[in-house]
C-alpha cells in the first residue's frame with residue numbers, strides 16, 4: 001500500500017512526463033516539413049502545362065494592347081490594364097511554383113534554359129498596385145505622344161499637324177530653316193515636355209521591379225537580355241571602331257549644310273544644328289540627300305516618284321514584300337494577316353500609335369502589322385523590315401512560348417533590315433520595275449559615280465544612325481543607375497548628343513524641357529541598344545546570305561548583292 005508521500009511523488013513524476021511529451025510535440029510541430037524534391041519528369045509536365053496556359057494569357061493581353069494602340073480610348077485603356085494585370089498575376093503565381101524546381105541541376109539543357117528564362121519575371125514581380133500604376137504611366141505617356149499635334153509655321157490657326165504623316169513629310173521637304181526650327185521646338189513642347197514628372201515615377205517603378213528580379217537596377221535587367229558580362233564594353237569598342245567613319249560623314253554633311261544655309265546657321269566647326277538633318281531626332285539623314293549627293297548629275301535611287309507614278313498603295317507595298325519572302329522559299333502571310341493588319345492610317349479620326357510595329361498574338365496563327373504607311377521608298381523599306389519580324393514569328397511558331405523570341409533583341413531587328421539591304425539596291429529596284437536602266441550606266445565612270453551616290457545614301461541612314469542608337473540607352477542606363485538625376489535629364493541628353501552625334505539644339509534648352517522623351521521608344525519603355533546591335537550584325541547576316549546565294553564570287557562587291565529569288569539564302573533564314 002502506497003504512502004501519501006510516495007503517492008505524491010508518483011503524481012509529480014507523471015506530470016513531468018506529460019509536460020516533457022508536450023514539449024517534444026511542440027518542437028515537432030515547429031519543424032518545417034522537408035520540401036518535395038521534384039524530378040525532371042515532373043518538371044516537364046509542369047512546364048508543358050505552364051506553356052499552354054501562358055499562350056492563352058499572352059493572347060488576351062496582346063489583343064487588348066493591339067486594340068488600345070490602334071484606337072486610343074478610355075475603354076480600350078481599361079481593358080488593356082485589366083488584361084495586363086491578369087497576365088502579370090498569372091506569371092507571378094506560376095513563378096512561385098516554378099522556383100520550387102531545382103532547374104539549375106537539370107540534365108536536359110533545353111528544359112534548364114526554359115526554366116532559366118522563365119525565372120525572370122520582369123515587371124510582373126511588382127505588387128498588383130505598382131504593376132497597374134506602371135502600366136498606366138506608360139499608357140499615358142504613349143497617349144500624350146500619339147495625340148501630340150503642332151501648329152503650322154505657315155498658318156498659325158492650323159493646329160492639327162500629326163507627327164505622321166504631316167510633320168514627317170515637312171521635315172523631309174522643307175528647306176526653310178526657320179520653319180524647321182519651329183517644327184522642332186513645337187513637337188518637343190507638345191510631347192516630351194508634358195511627361196517629365198510622369199517619367200520620374202516610371203524610373204522608380206522600373207528600378208523597383210528590377211530589384212525584385214535580383215538586379216541592381218533596370219539598366220542591369222535590360223542588359224541581362226544579352227547574357228554577356230562585358231556587353232557594354234563590346235558596344236563601346238564597336239563604337240570606337242566605327243566613329244572615324246561617322247566623323248568623316250559628319251564633316252561632309254556639315255559642309256553641305258553650311259553651303260545650303262550659310263555660315264550664320266551652320267558653323268564651319270562644331271556641332272550641327274539638329275533641326276536641319278531631315279529627321280525629328282536627327283537619327284537618320286537620308287531625307288536631305290537631294291542637295292548633298294557627291295555626283296548630283298547621276299541618276300537618283302530614290303524611287304518614290306516612280307512608286308507614285310505606278311499607282312503604288314500601302315497594300316501593294318506589303319504584297320511586294322511578301323513576294324520577296326516567298327521567293328526565298330519562306331512563308332507567305334496567313335489570310336488573317338491581311339484581314340486584321342492596319343497598313344495605313346485610318347480616316348475615321350481615331351487617335352492611334354502610328355509607330356510601325358509587328359505583332360505576334362502568341363497562338364501560332366495570328367500575326368499582324370500596324371503601320372501608318374505612306375507611299376515612298378522609306379516606308380517600302382520599313383514594310384520589309386516589319387515583314388521580317390513577322391517572318392521570324394512564323395518561323396518559330398512551333399517553339400514553346402519562352403523560345404518565341406530572337407536570340408537577342410538585336411537579332412530580331414536585323415532579320416528585317418537584312419532583307420531591306422537587298423530591296424534598296426539598284427539591281428533589285430530595276431528587277432521590280434521601280435528604277436529605269438540608265439543609258440549612261442554603260443560608261444564605267446558614270447557607273448562608278450552612281451554607285452558612290454548609292455553608297456552615300458546608305459551611309460546617311462546606316463552610319464548616321466549608330467551614335468544615336470548608342471546614346472539613347474547610354475542616357476537611360478545613367479538614369480536607371482542614378483548617375484543622372486531628374487534635375488539633369490535634359491542637360492545630360494544634350495551632353496551625350498554633342499559628344500556622340502555631334503549635334504546641338506537650334507535654341508537654348510533648360511531642365512524645363514525634356515527633349516529625349518520626344519522619341520517614341522523612350523516613353524514606350526522599349527530598349528534601344530538592340531538597334532545598334534542590329535545595324536552592325538545585319539551586314540554580317542547579309543554577307544552570309546549573299547555567299548549562300550553565290551553572289552560574292554570573283555570578288556563581287558557586297559553592295560551589289562540582291563538575294564531575291566535565292567532559295568539557298570532563304571533556307572539559311574528558315
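Numbers here mean position along the shown chain, with the first residue as 1.
Cβ coordinates come from backbone N, Cα and C, glycine included.
According to TrEMBL, the protein carries these features:
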type: ACT_SITE; residues: 386; note: active site, proton acceptor 1
type: ACT_SITE; residues: 386; note: active site, proton acceptor 2
type: ACT_SITE; residues: 521; note: active site, proton donor 1
type: BINDING; residues: 226, 530; note: chloride binding site
type: BINDING; residues: 385, 389, 413; note: Zn(2+) 2 binding site
type: CARBOHYD; residues: 71; note: N-linked glycosylation site
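Location within the structure of each feature annotated in TrEMBL.
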| residue | record | Cβ contacts under 8 Å, 6 or more apart |
| --- | --- | --- |
| 71 | N-linked glycosylation site | 350, 351, 352 |
| 226 | chloride binding site | 408 |
| 385 | Zn(2+) 2 binding site | 356, 413, 416, 417, 419, 420 |
| 386 | active site, proton acceptor 1 | 356, 357, 358, 369, 371, 416 |
| 389 | Zn(2+) 2 binding site | 358, 412, 415, 416 |
| 521 | active site, proton donor 1 | 472, 527, 528 |
| 530 | chloride binding site | 408, 409, 410, 412, 413 |
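Sequence-ordered, the extra residues of this chain that approach the Zn(2+) 2 site, with Cβ no more than 8 Å from the Cβ center of 385, 389, 413, are 358, 386, 388, 412, 414, 415, 416, 417, 534. The number of other Cβ atoms within 10 Å of the Cβ belonging to residue 413 (Zn(2+) 2 binding site), over all protein chains shown, comes to 23.
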